[in-house]
DNA sequence: CTATCATTCAATTATTCGATTGAATGATGT
DNA sequence: ACATCATTCAATCGAATAATTGAATGATAG
C-alpha cells in the first residue's frame, strides 16, 4: 500500500499484458471472440484440462478481459467488451508487422507462394450484395452454426479437399476464419490457389465482422 | 520446429504481450514515447541499473516494439513505429475501463474529488488557436525541452506550488504529461483545482498529440 | 432437503523470469 | 593501431508462473 500510485498503475497495466502473454490464454480469447462459452466447451476446444482452463480464465477475468455469468449449472464466460477485441487486434498487428518470425510462419503455410492481399470487410460487403463472390467459412461446423456471415458456405479447412467440386471456379472465393490469430483462412487460401481457384482471405474474421455492426446469421 | 504453425504464431503474439507485462518495460516505453534515448539516459530516468535496463530493452526489441541504432558511442533506442504507441494506448484503455483497481488509484490521486472529463486534442487545438486556454506541460524540464505543445508553459508537477502565482485564475488550464500511463497531469489537475483554478487534463499526452500530426516545439 | 455435477480451490513440481554483479565486447575517435 | 567507454553478455539467486492432481465448493434440479 505504500508504493507510489505511479507504480501501482503500471502494475495494473502490466497485469493486463501478462494475461495476454500465454498462448493458452490467447486461444481462449480467440474462442470467446467467436461466442460466449462454458468452461467445459472451452477446455474441449483448446485441448486444455478443465481445471487448467478454469485457472487461465480466472487470470483473464482478473485482467478485466472477460466476464462470467451463471446459466443453470454452467458458468458462461464472454469477452468483457469490444475493447478486448481491439486489444487483440492491435497486438496481432504489431506482431505481424514487426516480427520476422511471424512472416516466416505465414509464408510456411502458403508453401512459399505469395498470397494476395486480403480483401477488407467493406469491400466484401459490397461484393456480397452484388453476388459476385463466394464466401467460405473455414471454421469447424459448430462455430459456423453459432454465427456466420450471411450467405457463407461452411467447409472446415480440414475437409476442404472433399468439397472442391462444389466450388465454382469462375467466381472469386473469399475465405475467413476466427480472426487475426487463426491460420485456417491462410491454409484454405493456399490450398485453393494450388488447386487453381481464385481465392483470397478476408481481413479479420467473424468477430471483427460482427464488431463492425454487420449482420450475422446463425443456424437455427 | 515440429510444433504446429498455429502454436508457433500464438507464441509470437504472446511474446509481444509478455514484453508489455513488466512495469519496468512500460516505464521504458513511456520514456521512448517522449523521444528516442540512449540506454544510459533511460536507466537514469527510470531508476534502473544500466545493465538491467539494457536487458529489458532487448526484450522489447525481440518483441518488435523498439529498434535501435548507433550514434557515436551510444546506442539510441526508439519505438519501432506508431503501432507501438497504439498498442500502449489500447492496453491502457482496457485497464482503465475494466479494472476497478485503476479507478481507485486515480481517485486516490484526486483525493476523492471527481475530476472533470479530459478535453480531447481536437478541442484543445481549437481553443489554443483562439487563445482561450492556458496549456501546462507538467513533465520534467528536460522532456519539455525535447518537445512540447507550442505555447505550453512548463511547470514540473513537483514544483507546481512555487509557480501558482504565475497562473491566471480566469483562464481555463489544460494540463498534459507523458501520456495515458503518466499520473503527473492527474496530480497537477487535482492540485490546481484544490487551489481554486479551473483545470482539466488533456486526453493523451505529448506522444499522442505528435502522433496526430500536430505541430510540436522544441527548446533550441 | 439432498444428490449431482460443473467449476474452482489447494498443493506440488518444473520452468521461467527479473535483478544483480562483474567481466567482455566492439565501435569510436584520437 | 590503440585506448576508451557505452553497452551487452554470462552466471547467479530469489521470486513468480504454469500445469497437474485430487479434493472442495456451491448452485441447481429433483
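Cβ atoms are placed via backbone N, Cα and C, with glycine included.
Curation does not apply to TrEMBL; its annotations are automatic.
Here is what TrEMBL records for this protein:
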- B:5-99: domain 'HTH arsR-type' (DOMAIN)
- B:129-218: domain 'Rhodanese' (DOMAIN)
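Across the domain 'HTH arsR-type' (B:5-99), DSSP helix (H, G, I), strand (E, B) and coil residues number 65 helix, 14 strand, 16 coil. According to DSSP, the domain 'Rhodanese' (B:129-218) comprises 34 helix, 18 strand, 38 coil. Across the domain 'HTH arsR-type' (B:5-99), mean pLDDT in this model comes to 93.
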